[in-house]
Structures are given as structure tokens and as C-alpha cells.
């Protein structure tokens, strides 16, 4: 449960909540107890239970009410690649997926290494109003791995940047990474590392294993990730600042994270739905929709990641939502760009993998998709308990809604989902952002 007394740095200026009331009826809070009503007034939960008159009403139809989800890792491609995604289409995809806040990575064109770029993204997200879009600043200027971005200016900007990452590239120079951790410590911002020693992955396009060897694909070894994870864990230990590992993908990374946490090192990690559920067996078709960075690994890696998420060794689920146009995916596997869509399938995958199988309950879903991401990013107002006086950032899930994934039906501009044609047994039906309904009956609402 989130500590109500924790004080986090403020965000950029938020769009005002609706000055009216909303009644969410017939929902199971955290999937527990009997169906109840939740009354929202001026963007805040005013009452749980009872009968209330309201300006607007949502019939939850016995669905599960959870805190709105927070995604620490998305690529909304704006500015620079609006042909594949925009803040508007990405926000709509987020709303459909139950997300009330996302963190969009810095590998844009131009790179998100200046306050004016971050502020533009923040303000545009607030004007669209479907999801809080938090810009992630780059660790180094131009993602070149040499000179640090001005963390202080970014953190003090109107976007209030609180996370920095060169995601897509690794900060592989240890001196640069050391300076980044030391600089970040003074202003309590988070450093998120894309763990990849590029000297070990040059020219690689698939997990280094039997399948890649048989198919003639250059292999991407586990050690390329694990060597950076252990280095950065030791740096976090010695220099005392938090470090977050993006998209953990190997069994060895899990072991290293477990060791680091046992030593009290301030390290956190995320895992994607695709690394939890897909393996390199999908390489057989040479379909580039399965190309991703880091690559899909083996079944033993996926199993280790599941166990690590269950026991808290891995803290959160993050989608690494990465839209690409068909020209970047419908080509030779080696030449295709890595990345997969994730915002509109994440909840369904986590429910089918953990809740439907009896491995976890709905509180677990709230923890890994809402509470912990908000805690790690020091994000006020998100990941909060469903309780009176808390912001009404909420998602309703129909746990019995069977649906089939189709990229053509997604709100995202792109269609590169590896789950095309897969049937799921749960779906987000409604999303509420500070009392504003951003998704209704599975449809993103116009701003």
C-alpha cells in the first residue's frame, strides 16, 4: 500500500479536473468484496459506497476497479516521427489500456535534452487531456554518451522532468555513468539505464542461442545486458543514487537484481509483457514484428522474469511501447527496426498470465502497473489508494471480456503488435483521469 504521508516533487501544471460529479456504479474495488459505488467530485474520490446523484454515471457492470496505470517506458515518437505515432494517438492508446500517466522516452528528433522540447511535450499532453505524458530527459546530450544533459534545468522546467534515460542506447562509458548518478543524486531524479554493451551486440538481431544459430541470425548474448546491470548496481552502491534497469530480459539479470537488492543497493527494474510471455521460438517465421531490443530470449528467461515480478525482485511492468511503420517492419529481419506496440495489450497480458492462472490477485496488478511505477518515479497523484480524498485516477477492467488483438483496431498509428490474432480474457472498459472519462466502453474519448 502506498504511504499517504510521502511527499513527491510536483509535476508540471496539470489541466484542471472537471468541476462536476461522476458516479462509478457496480464495481469491485481491487476485485474484492461486494460490488459498490464510487462517487467522484471535482476530480477527487468523495465517497465509496452509498447512493449519490451525479452529473455523469458509469455502469461498471461488476468490473474490477483499479488505480490508473503508470507506464514508465513508452515511445510516442513526437517530435520527429509523427508518421508512426503522435502524442495524441499515443495518449489515446494509453487511455484504452487503462493508463493515466506515461513516461515518453528521449530518443526523439530532436533529442529531449533541452527544457523547451520537454515542455512542448508536456503541454501538448495536457492539452490533449487523455493521459499525463511525462517527458523523459536524455542522460547525455544528443544521446551521444559523452556530455551530460543539464538535469537541473530540465527538472526545474515547466515539464518538471524527473527521469533521465538514453534508452535505445546504453550509457556505456563508466565515467559518464558515474557522473550522471552523482549529478542526479543532488536533485533526486531517476537514472534509467538501457543495459547493453554495444561491443557485444554489434550487428546482432536475435537472442544468441540455438534458434538464432540455426536460422543464420547474428546472436545477442545475455552478457551484453548482465555486464552493464552488475556494473551499474555497484555504481549505485558506491555513489548512493537510485538506478533503474529498463526492460530486464535474462535469467542472469534477475539473479543480479536479487543480489543487489539483498545488499540494500537502491536499484529497481522493469519487465515488458512481451519478455514475460514470448520467446525466441517465434524467430522461425523471420517476421520482424518479433524483433525487439533487447531480443526475445528463451523460456527459462521468461520463467525467471515471471517469478521475479511475483516476488518483487523486478518492480514493475512497463510496455516499451515502440510504434513502427510497415516500411520498418516489412523487410529483412536484420534490417528491421526493433520494437513492439504495448499500451493496448499490457493489462490483458498481465491478467491472463498472473490473475487468470491463480498466480496473483488484483492487488498485484495494481502494485506492478500503478503503485510501484508511481513510487519509483516520485509521481504525486498517481498510483494512489482507491480511497476517499484521493485523486480519481482509475481504470475499470472487465475480467470476463474476451477479445482478439488486432493492430488495425488499435488507437496507435502503427500496427506492429506481436499479439495479432491472440485472444485475451480481460479488457479495460473505462479509464478516468482526475474525474475525466478518457476511455468509455473501450473507446478513447475525444479531448
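In case you wondered, yes, glycine gets a Cβ from its N, Cα and C as well.
Classification of residue 167 (Zn(2+) 1 binding site) by DSSP places it in coil, neither helical nor stranded. Within 10 Å of the C-beta atom of residue 167 (Zn(2+) 1 binding site) sit 24 other C-beta atoms, taking all shown protein chains into account. Annotation source Swiss-Prot lists Zn(2+) 1 binding site at 73, 75, 167, 320.
Among the features that Swiss-Prot reports, substrate binding site is placed at 75, 76, 77, 107, 293, 324, 338, 339. A coil conformation is recorded for residue 77 (substrate binding site) in the three-state DSSP classification, outside any helix or strand. Within the same chain, residues at least 6 positions away in sequence whose Cβ sits under 8 Å from that of residue 77 (substrate binding site) are 84, 85, 86, 90, 108, 323.
In the three-state DSSP classification, residue 247 (Zn(2+) 2 binding site) falls within coil. Look at Swiss-Prot and you will find 167, 194, 247 tagged as Zn(2+) 2 binding site.
Residue 320 (Zn(2+) 1 binding site) falls outside any helix or strand according to DSSP and counts as coil. What Swiss-Prot records for 320 is active site, and it gives sequence analysis as the kind of evidence.
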Legend entry - Candidates 73, 167, 194, 247, 320 (binding-site residues) with Cα within 10 Å of residue 339 (substrate binding site): 320
Legend entry - residue 320 (Zn(2+) 1 binding site) to residue 247 (Zn(2+) 2 binding site) - Cα separation in whole Å: 8
Inset, instruction - Kindly assign residue 338 (substrate binding site) to one of the three DSSP-derived states: helix, strand or coil. - result: coil
Inset, instruction - Translate the DSSP assignment of residue 194 (Zn(2+) 2 binding site) into the three-state scheme. - result: coil
Inset, instruction - Would you mind sorting out which of 107, 194, 247, 293, 338 (the binding-site residues) have a C-alpha within 10 A of the one on residue 75 (Zn(2+) 1 binding site)? - result: 107
